[in-house]
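Have a look at the structure below, then the notes.
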């Protein structure tokens, strides 16, 4: 089953609106056809209006880095999935380890967010990943499998087939340490196997699984050669236009 790759840059808390606009203008005309790959950037909430506007006539898709699970209400500081859809966002990244760690988000929160994102016609990119301690204890597949099952609970098979799962080992995020090709393949396959167990093999064959964690132009080709890796969620290398575009060289 051929799945279209998806390369998504996660800017995290970087770039002001002017910098976001300049980045989009630098990459937009150089992106490959959407027949070959989906390309997205996850912009901070303060940059979304500018980024969506700058990207609107290009193939570049735009993700929010988080949202709440309610559309409106007395939730000071939160981002409405309904408004994200009205603004023209395509994806929402949820469950990133930084959100889980610093802001104490639970699997239940992430599951509620996934449902709210789908209810508003957007696509979630759901992150999962283990700590170094869990990895070294040989419990990575078990731990990540539980995260994935909990995040997808109550979604329809059709919804799961259309979403993106991003496996990011916490010990490889922004550390310069990256998982080996075998680690990435084995864990992305483990993620897919959980989907197969919960929703059937047909759904598992359709869902796209990204690898994330110190992905760079120099190693992206190795990861993309893995049969169960359908893309990358990229932090640092997505901040500069040149390095972001170089991530797409795996197509050549």
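A Cβ is built for glycine as well, from the same backbone N, Cα and C atoms used for every other residue.
On a predicted model such as this, the values are computed, not experimentally measured, just so you know.
Mapped onto three states, the DSSP output places residue 96 (active site, electrophile) in coil. Summarising the annotation, Swiss-Prot assigns active site, electrophile to 96.
Under the heading active site, proton acceptor, Swiss-Prot lists 168. Long-range C-beta contacts of residue 168 (active site, proton acceptor), restricted to its own chain and to partners at least six residues apart, with a cutoff below 8 Å, comprise 96, 97, 127, 128, 129, 211, 212, 213, 233. Annotation note: residue 168 (active site, proton acceptor) sits in a coil segment as assigned by DSSP.
All chains included, 18 other C-beta atoms sit within 10 angstroms of the C-beta of residue 12 (substrate binding site). Look at residue 12 (substrate binding site): DSSP puts it in coil. Sequence annotations record features per position, and here Swiss-Prot assigns substrate binding site to 10, 11, 12, 174, 214, 235, 236 based on sequence analysis.
When the Cα positions of 10, 11, 12, 174, 214, 235, 236 are compared pair by pair, the longest gap among these substrate-binding residues is 14 Å.
In the structure as shown, the Cβ atom of residue 214 (substrate binding site) sits within 10 Å of 20 other Cβ atoms.
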